[in-house]
Amino acid sequence: MMELEGEKPNYGEPRKYDPTFKGPIYNRGCTDIVCCIFFIICILGYVAVGILAWSQGDPRKVIYPTDSRGQFCGQAGTPLETKPLLFYFNIMKCASPMVLLEFQCPTTQMCVEKCPDKFMTLLKAYANKEDFKYYKNFCKEGLEGLTVTQILSSGLCPAMLTPSKPFTRRCFPALDQKKGGEITVGNNSKFDDGEGNIRDAKDLVAGVKNATVVIEARQVVMKIFEDYTQSWYWILIGLVIAMLISLLFIVLLRFLAGIMVWVMIVMVILVIGYGIFHCSMEYVSLKSEAGSNVTLKDLGFQTDFSVYLHIRQTWLAFIIILAIVEVVIILLLIFLRNRILIAIALIKEASRAIGYVMSALFYPLFTFALLSIVIAYWAVTAVFLSTSNQPIYKVFNDTACDHSRKICEPANFSTSSMKAECPDSKCLFAFYGGETVYHKYLIGLQFYNVFLFFWCANFVTALGQMTLAGAFASYYWALVKPDDMPAFPIFSSLGRSLRYHTGSLAFGSLILSIIQIIRVLLEYIDHKLQGTQNKCTKFLLCCLKCCFWCLEKFIKFINRNAYIMVAIYGKNFCTSAKDAFFLLMRNMIRVAVLDKVTDFLLFLGKLLIVGLVGIFAFFFFSGRVKAFENTAPNLHYYWVPILTVVVGSYLIAHGFFSVYAMCVDTLFLCFLEDLERNDGSAERPYLMSDRLLKVLNKKNKPEPAE
């Protein structure tokens, strides 16, 4: 095969032959000590933030609805334990625009055992002993001896009750729409508001709409949560299947690398082809169904995502996307057919290396465990930080009042000057906040939590990359395998990485984290400016997002290769990054031909596993296989477990294939150095395998006869 020679512009001097070099250097010192110390200080600060958040936060604010006194409805061990639902005295006041600003209706709210199920006014209920007994379930205490007028003026009871249903632990009027568009509540289109006025049921719509706008998304979240509770067992089975397929694939790749790569290529084409066929059949079958020709634009956003599967345009979009992917893959395979042979040789060599370092296959489990700890710590800290505010009470009034929306204290509000100047006003719970130093810098603590999450997650990933790189480099540079390799390559490499190079790992992950935080901020700004019509701003923001996306990919590439050089030579991060970059630039053509084609083949492997498990999950959860029709759980959205299984399968496959990818990258960098250090002579023989020598049209010259 034709030799692949890369151009060698001025990117530093090629590596010179060193007879003492035997692979990863053992006599090394600590690198990037300043960054190591800074990282440790930041971790200690992160622990302090967590302790502070846990001491101030209260997750009950997320779980339970809160009444006008700031008490939690339905909380165990409190007087409100048996009253889990929140009841609004006058739901129509929720039509105020203030609801959208402060997420709070300007009406009294109290915890109740169950929602009202009948029409009733205080005036009529007061005259009937049984009715008034029922009515008092929705009133405050202290009604004895008071007249109807006194009760209403004191705000102890609502003027009326309407039939309601619980929704996200809140009582909302049981509105219904009959044929012709007539709105009813409790089968009535008119009702008495308790103040002598006959109101239309449509008047309740605005209040309910505004009251639910803040929690509308929670309906979807709650349904998704219910789906998870119904399907978690089957999701785990799907993920276990993905893990077993990934493990089987890796084992087969170890012994049958060449055959498995070609089988993988053919299978990917067939799986995507089947996807196109299935989508086409669905598209044709919907032709005769009424309403299936509605466009996605006309349909708009629907919380019930299964609606989209009854639209022909959805399946047409799937067909187009899959067809494009199929064509792109086939074209790449045609144009890269010769390069694929070289990449297969590199994968075979990686398989051989993994055969000597079998423990590397299980290292992703260690990385996964560390990442789980990081994610769990971040999530718990975020919840406690977001719930560490104190209840804030504000003045609410139906009429004009100078003190409206001002902060008040419910304990002494009845005797305050605010109440005297605004007799109709009420001091109600508004939201959670605070004026202390802690609350003033709360947003800073939340930002610190997010930033340290990115930094720690990237550090864990970097540790895995350097550990695997050190283990596989010790394999490559061993003259006699496995005699010249450490007894436990993974543990030896992990120990070196933590003992000497924590600073370098922290430095590289810090750079990447800063870029990721900037990308998050750009996404946040983009979300806030969605309504703007300034095209220049949109264009600038789009350019910045694109540039930082490219920069993140570049930094990940540099970091990955820098960690390999640190693992081998034990130099600091910047020097290693420069050496790796120059080495790759001196061999640009080989990088494009070998490394990237190999990455493409490994990506096809991940795609195959995701496709197989995804197809199985689709037919199971959608109930399209009669054998499993009664076994599959009944779900609101069957795409929830399908999507979870697909994403989880990709992450699992990525975890297993990341070992191969890191092995390939390490061997690739090592054999580039091998080509520069050695020339194949008896004094300077190549250390790469005979298979790679043959692919690259290189050979070691025999020792001269004596």
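Each Cβ is built from the backbone N, Cα and C atoms, and glycine gets one as well.
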* Asked: Membrane-wise, does Swiss-Prot list F87 and I407 on the same side?
  -> yes
* Asked: Any idea which of 432-454, 455-477, 547-569 is down as transmembrane segment in Swiss-Prot?
  -> 455-477
* Do at least three CB pairs under 8 A connect the transmembrane segment (505-525) and the transmembrane segment (365-385), leaving out pairs fewer than 6 apart in sequence? -> no
* To do: Report the member of N293, N397, N412 (the glycosylation sites) whose C-beta atom has the most other C-beta atoms within 10 angstroms.
  => N397
* Asked: In angstrom units, rounded to an integer, how far apart are the Cα atoms of N293 (N-linked glycosylation site) and N412 (N-linked glycosylation site)?
  -> 63
* Selected stretch (most C-beta pairs under 8 A with the transmembrane segment (505-525)) from 257-277, 455-477, 600-620, 639-659 -> 455-477
* **the transmembrane segment (639-659) touching the transmembrane segment (233-253) per 3+ Cβ pairs under 8 Å rule** => yes
* Whole-number Å only: compute the distance from the Cα of N412 (N-linked glycosylation site) to the Cα of N397 (N-linked glycosylation site). => 17
* Contact ranking winner - 455-477, 600-620, 639-659 against the transmembrane segment (257-277), Cβ under 8 Å -> 600-620
* **Winner by Cβ pairs under 8 Å against the transmembrane segment (639-659), considering only 33-53, 316-336, 455-477, 600-620** => 600-620
